[in-house]
Amino acid sequence: MAASPHTLSSRLLTGWGGGCIWYLERRATRESPRRFLHLLRNVNQQWVTFQHFNFLRRMYVTQLNRSLKQQIKPKPEPAESPFLEKTSLDETKTEICEMRPLVPPSLSLSRKPSEKALMELEPTSVIEGSRALGKETKEEKQWKEMKLRADDLPGILARLSKIKLTALVVSTTSAGFALAPVPFDWSCFLLTFVGTGLASCAANSINQFFEVPFDSNMNRTKNRPLVRGQISPLLAVSFATCCAVPGVALLTWGVNPLTGALGLFNIFLYTCCYTPLKRVSIANTWVGAVVGAIPPVMGWTAATGSLDAGACLLGGILYSWQFPHFNALSWGLREDYSRGGYCMMSVTHPALCRRVALRHCLALLAMCAAAPALDVTTWTFPVIALPINLYISYLGFRFYRDADRKSSRKLFFCSLWHLPLLLLLMLTCKRRAREEGVEAPQS
C-alpha cells in the first residue's frame with residue numbers, strides 16, 4: 001500500500017521531533033480546526049519550523065475542506081413595474097412547470113427517454129422558456145396608448161378644470177352677489193353662478209394645456225390628466241372652448257355686459273399673462289392675486305350693474321387674502337417649484353415672501369374696518385371679525401419670524417377657514433341701505 005506524500009515527508013524526520021510531526025499529521029486529518037490549533041499550542045515550544053507549519057496548513061485545507069461546497073446566493077427578483085399588470089403566483093408556477101418537460105416530437109411517448117437525453121433537453125427547455133418570458137416582459141414594458149373610457153371622462157374633466165379651485169371662485173362670486181345691497185334675484189344669480197363656473201373651467205384647462213412640460217417635473221402636478229396622457233391636448237382645448245364661449249355669453253347677454261367683460265378679461269389675464277409670467281418674474285404672484293380678486297367683483301356687478309366702492313372693497317379683501325394663502329403654500333413647495341422652473345417669491349426671494357405675507361395679513365384688518373365706512377356692512381362686522389384677523393396676523397408674524405415649514409403650514413391651513421368665515425360674517429352684518437330706500441317711498 002503506497003504511503004501519502006505527507007506521510008513520507010514525516011518519516012524523513014527522525015527522532016522525537018519527527019514523531020510529533022507524524023502525530024500532528026494524523027490528528028489533523030481527523031480533528032476539527034479548533035482541536036488542530038489546540039494541538040499546535042501544546043507543541044509550540046518544540047522544534048517545528050515555518051515550513052512544517054505551512055505544509056500542515058495546506059494539507060488541512062485540501063483534505064478537510066473537500067466537503068464544503070460554495071453555496072450560491074439566490075438572485076433577488078427584480079421589483080415589479082407599477083405599469084405592468086400583476087400576475088398571480090399560481091399562474092407563474094404553472095407557466096414554469098409547463099415549460100420544463102419539453103420533449104421533441106421525435107421521441108416516442110411509449111418509451112421513457114434516458115437520463116442522458118433528459119439532461120441534454122433540460123438546459124434547452126430552460127433557455128427557451130426564459131426567452132419566451134423575456135419576450136413577453138419586453139412587450140408588456142412597451143408604451144401603450146391609454147384608452148379613454150366614457151365612465152372616466154367626467155372625473156378627468158373635473159381634474160382638468162381644477163374643480164376645487166373652480167368651487168372657490170364660484171363661492172366668492174356668490175358672496176359678492178349676496179353682499180350687494182339690492183334685492184336678491186334668483187334667475188340672475190343662477191346665470192352668474194353657471195357663467196362664472198364655465199369661465200373658470202376654461203381658464204384652468206388652458207393653464208394646464210400650456211404647462212404640461214413643466215408640470216411633469218413637479219410631484220404636485222405630475223398626475224394631471226394631460227401630463228399622464230389620459231386625454232389628448234386637442235380634447236383639452238376643445239373642452240376649454242366649449243366652456244369659455246357659453247360662459248362668457250351667459251355673463252354678457254344673460255347678466256350684463258360689464259360682468260361678461262370682466263369674465264373675459266379674467267380668462268385672458270390668467271391664461272395669457274399669469275401663466276407665462278410664472279417662468280419669468282416673481283410679479284406673477286401679484287398678477288395672480290388680481291385674477292383671484294375679480295370673481296367677487298363680478299358677483300357685485302352682476303347684482304348692481306356698476307362698479308362702486310363695495311365692489312372694490314370685496315376685491316381688495318380677496319386680493320390681500322391670497323398673499324398669506326399662496327406664500328405659505330409655496331414655501332412648502334420650494335423644491336417642487338424650482339424643479340419645474342417656476343420663478344416664485346419663496347424660491348428666489350424668501351425674505352420678501354414672508355414680508356409680503358405679513359403685510360397683507362395686517363391689510364385685512366384695515367379693510368375690514370373700512371367696510372362699514374363704505375356702507376357695505378354695519379359697525380358690528382369689524383368688531384366680530386377682529387379675533388380671526390388678529391389670529392391670522394399672529395400666524396403671519398410667526399411665519400415671518402421663524403421661516404420654517406411648520407409656521408407656513410399653520411398659516412396656510414388658517415387661511416383655508418379664515419376666508420369663508422370672514423365672508424359669512426360680512427353676510428350676517430350686511431347693510432341693506434338701497435332696499436330700505438326703495439321701500440320708503442312706496443309707504
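Yeah, the Cβs are placed from backbone N, Cα and C, and that goes for glycine too.
Annotations in TrEMBL come from automatic prediction, not curation.
Database features (TrEMBL):
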type	residues	note
TRANSMEM	165-184	transmembrane segment
TRANSMEM	190-210	transmembrane segment
TRANSMEM	231-252	transmembrane segment
TRANSMEM	258-277	transmembrane segment
TRANSMEM	379-399	transmembrane segment
TRANSMEM	411-428	transmembrane segment
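Sequence-distant residue pairs (6 or more apart) of the transmembrane segment (258-277) and the transmembrane segment (165-184) include fewer than 3 whose Cβ atoms are under 8 Å, leaving the two stretches without contact. Ranked by Cβ pairs under 8 Å to the transmembrane segment (165-184), the stretches 190-210, 231-252, 379-399, 411-428 are led by 190-210. Only residues 6 or more beyond the boundaries of the transmembrane segment (231-252), in the same chain, are considered here, and those with a CB under 8 A from a CB of the stretch are 148, 156-157, 160-161, 191-192, 194-199, 201-203, 205-206, 208-209, 212, 225, 259-264, 267, 298, 302.
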